[in-house]
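Everything below concerns the one structure shown next.
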Amino acid sequence: MIRQEDMTIVSQKLIASNIYELTLKGDLVEEMEQPGQFVHIRVHQHVSPLLRRPISIAAIRKDLQTVTLIYRAEGDGTSLLAKSRSGDKVNVMGPLGNGFPIDDLGKGQVALLVGGGIGVPPLYELSLQLRNKGVEVIHVLGFESVEKSFYLDQFSELGKTFVATVDGSLGTKGFVTDVIEKEKIDFECLYSCGPLPMLRALEERFATKKGYISLEQRMGCGIGACLACVCHVANDPTMKKYQKVCSDGPVFRMGEVMI
Amino acid sequence: MNPLQIELPGLSLKNPIMPASGCFGFGREYSQFYDLSMLGAIMIKATTYESRFGNATPRVAETPAGMLNAIGLQNPGLQGVLTNELPWLEQFDVPIIANVAGSQVEDYVEVAKEISKAPNVKALELNISCPNVKTGGIAFGTIPEVARDLTKKVKDVSEVPVYVKLSPNVTNIVEMAKAVEDAGADGLTMINTLLGMRIDIRTGRPILANRTGGLSGPAIKPVAIRMIYEVSQQVNIPIIGMGGIQHVDDIIEYFYAGASAVAIGTANFVDPLICPTLIKELPEKLAELKIDHISEIVGRSWKSEVI
């Protein structure tokens, strides 16, 4: 069930250039199940910045009643959030949206998780849950540069992890698709989150494979009422059918919506 | 006596607080959070004759103390609303105000005629002020003669009272208000959003795919207050006020300016429970201010002025 709660900041760490890892504690964690879901955060009670910030869930720890979020401090809201400290309260609405389905795969099958930049975080909880089911996980993570890379050790603990950077400062110079090609990675199901050009390239290359992508879009309400974050359904000649990224997504089957 | 009970043309409201059109869909999403029967009324998402997908994304951009939107009147069309949305809303004990939009006179007339027959639609809100569609919309809301003509034609076919939603994007708001009052409007709702733009300094391009959008949120409240203050002194029909309401004090300010009820828009996105919270807090505020009934204070700001 979606709820609002003032959660307590347990820790906040700068883990890469402008990238923060925020861990929150509260009862709301009980509601969090699916990897790929997100929360909508109100950074303060003032009128500016006004709107909530959608941030994906990176890790759920039911035993500790904590949830970890990884975000980039970019605009007014996330920069303010980055200034908050352990013990501070932050208003969280969630969990929102539909996450990555993990029931398709069983023990011994191979999942390829492909993340780009700030699209990497939700893949961490996904990888944890797949691993718990005995699924073999392979990660291909793309970053702009080594300074902006994060969580490589954490992913490496769960499965084979390849890195691509645009400037070549870490791993393969180039894009995630170059790595997949180079390493001749085969898999049963693809899961991806990251910039649109990356998602488009993956959809094109693996058109016949099963896979899921998570989309990002500027949002208003986060619950499907304001229609700010819609996208067209693929192969719809009327161009009138739509899906809402916030409440129908953010995860869609590859090929389901126009990206 | 319920200090919040309000009687307006077509509307018997248990309280003067309702979600504003476009900020609440058709209520389904918010019904996860509370019983919609507690609302004074619901202003549902604008309905056009044909279904509309709306504009490309991005459709929203944040601004200081506000936001820009350019959704583009996305809606399932008249038949979709009559078949799926209004019957679903019948489970709640709440009057519906149907927002009617179009790109030509015939569209408005056809939608008004049909939607006003729905049993739970108790009033129409004529949307002559949407800034985000290419044709119609705002043109109807900026030229008094065009607004007068449209209001008259809609009044002729509507089975329920008609409120006209005024655009703030005009030089003389009083002239617009008087034009639609002359044409038979039963009430006014004001204000719609203010036309604005934001440019992404990294790309040098407007953020919104539609380039321009409608500004809402606390940033526009003083504009709405000023316009309601001016208009309420010049017309004899009630005004439902909206624009940036977040706190119970804002509601009092709107009533003092001359509003007889209020609508909550953007604040729903920040706090989905904002309407129930305000409905709970308003009687406490009235008691604190020693006001017996909310209707006592309509227009107090200008009624108390020494001329």
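Numbers run from 1 along the shown chain.
Backbone N, Cα and C define each Cβ position, glycine as well.
Caution: TrEMBL annotation is automatic and unverified by curators.
Record check, TrEMBL: substrate site residues include B:Asn69, B:Ala70, B:Ile71, B:Gly72, B:Leu73, B:Asn127, B:Asn192, B:Thr193, and the candidate from B:Lys45, B:Lys152, B:Lys153, B:Lys221 also listed there is B:Lys45. Same-site candidate for FMN binding, as annotated by TrEMBL with B:Ser21, B:Lys45, B:Ala46, B:Asn99, B:Asn127, B:Lys165, B:Ile191, B:Gly243, B:Gly244, B:Gly265, B:Thr266, chosen from B:Gly217, B:Gly299: B:Gly217. For the binding-site residues B:Ser21, B:Ala46, B:Gly243, a Cα-Cα cutoff of 10 angstroms around B:Thr193 (substrate binding site) retains B:Gly243. DSSP assigns B:Ala46 (FMN binding site) to a strand in the three-state reduction. For B:Ser21 (FMN binding site), the Cβ neighbour count at a 10 Å cut-off comes to 27, with all displayed protein chains included. Residue pair B:Ser21 (FMN binding site) / B:Ala70 (substrate binding site) shows a Cα separation of 14 Å.
Here substrate is bound by B:Lys45, B:Asn69, B:Ala70, B:Ile71, B:Gly72, B:Leu73, B:Asn127, B:Asn192, B:Thr193 per the record. The longest Cα to Cα distance in that group is 16 Å.
Look at B:Asn127 (FMN binding site): DSSP puts it in a strand. Cβ-based neighbour count (10 Å, all protein chains) for B:Ala70 (substrate binding site) stands at 29.
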